[in-house]
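**Q** Mind having a look at this structure? Questions to follow.
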Amino acid sequence: MEISEKAPAKLNLSLDTPFRHQDGEPEWRMVMTAIDLSDYVHIKTIPNSKEITVQTNTGFLPCDQRNLAYQAAKLLQSKLDKPEGVEIEIDKHIPVSAGMGGGSADAAAVLRGLNKIWNLNMSREELAKLALTIDSDVPFCVYSEPALVTGRGEKITPIGPLPPMWLVIAKPQASVSTPTILRQIHEQHLNHQEVQNVVSAIKQQDFDKMCRHMGNALEPITMKKCPDIIKIKDKMLQFGADAAQMSGSGPTVFGISQKKSRATHIYNSLRGFCKEVYLVRALDSLTTK
């Protein structure tokens, strides 16, 4: 059998890590949303086989056990002792190593797809619990709707649709290693973020309040490795964005505007500065067009 799954990118409207657990893993408090910039993951099961293969349309990704989509297929195959191999083909559109959860989105798509093909009838909560063993962003990507994400990434609380807005996304040429950034958390004095205020603003559909309280505690760390982040933020604000910040561990920056005309102006103005620029909207759910 075969199936195709949409794998939307994610953005962090607010990101804080208040402490580390004893095993060194960060505790997260984040407000996340999926956006309509997506990879497309095509999944085919092969009877009487245990082989898992991954193909992509880019040379920048590993196609072996290091690929999160591979790990997702292996996880379900092993846990359920399924006598079927899995062929995965990923049509990449999400920038790689950008802080937008592309690999996690692909892994979540594989979990959702195999859940359907194999008639597992696992709930989102069950899939998200499994997903945490792959990467901390995969549980959110199973949901792919606006949510408060806490714990190690496994506690997903949907918070309803965002206020109407447009998002302009720009990725600097540099790429950033998430593990490298996370290793420096304990070495830095982080500016802790008002995550709950962002949640309240979204529930109240208060766009201005949301903009005032947005923030990313990892931004100062990544900026030291990628100074273009501050340049892009400044340009977005100069061109009319209501707010601008880095997503995840970076280096991607996004700006938001309530008006499509202003967002389009920001998008056009940045295209000469960055090679990868996108004009997108947030997704209320995986079925949002």
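Each residue, glycine too, has its Cβ placed from N, Cα and C.
According to Swiss-Prot:
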- Lys10: active site (ACT_SITE)
- Asp137: active site (ACT_SITE)
- Pro95, Val96, Ser97, Ala98, Gly99, Met100, Gly101, Gly102, Gly103, Ser104, Ala105: ATP binding site (BINDING)
**Q** What other residues of the same chain, not counting Pro95, Val96, Ser97, Ala98, Gly99, Met100, Gly101, Gly102, Gly103, Ser104, Ala105, have a CB atom within 8 A of the CB centroid of the ATP site?
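**A** After dropping the recorded site residues, what remains is Ala9, Ile94, Gly248.
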**Q** Rounded to the nearest angstrom, how far is the Cα of Asp137 (active site) from the Cα of Gly103 (ATP binding site)?
**A** 9
**Q** Quick one: of Pro95, Gly99, Gly101, Gly103, which of the binding-site residues has the smallest count of other CB atoms within 10 A?
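**A** Pro95, out of the binding-site residues Pro95, Gly99, Gly101, Gly103, has the fewest neighbouring Cβ atoms within 10 Å.
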**Q** Using Cα coordinates, what distance in whole Å links Asp137 (active site) and Ala105 (ATP binding site)?
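**A** Each residue's Cα considered, Asp137 (active site) and Ala105 (ATP binding site) end up 8 Å apart.
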**Q** Can you check which residues sit near Ala105 (ATP binding site), meaning Cβ under 8 Å from its Cβ, same chain, 6 or more apart in sequence, and list them in order?
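**A** Looking at Cβ-Cβ distances below 8 Å from Ala105 (ATP binding site), excluding near sequence neighbours, one finds Ala7, Pro8, Ala9, Lys10, Ser38, Asp39, Ile94, Cys141, Ser144.
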**Q** Can you tell me how many other Cβ atoms are located within 10 Å of the Cβ belonging to Ser97 (ATP binding site)?
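**A** Its Cβ shell of radius 10 Å holds 19 other Cβ atoms.
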**Q** Give me the count of other Cβ atoms within 10 A of the Cβ belonging to Asp137 (active site).
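**A** Around the Cβ of Asp137 (active site), 28 other Cβ atoms lie within 10 Å.
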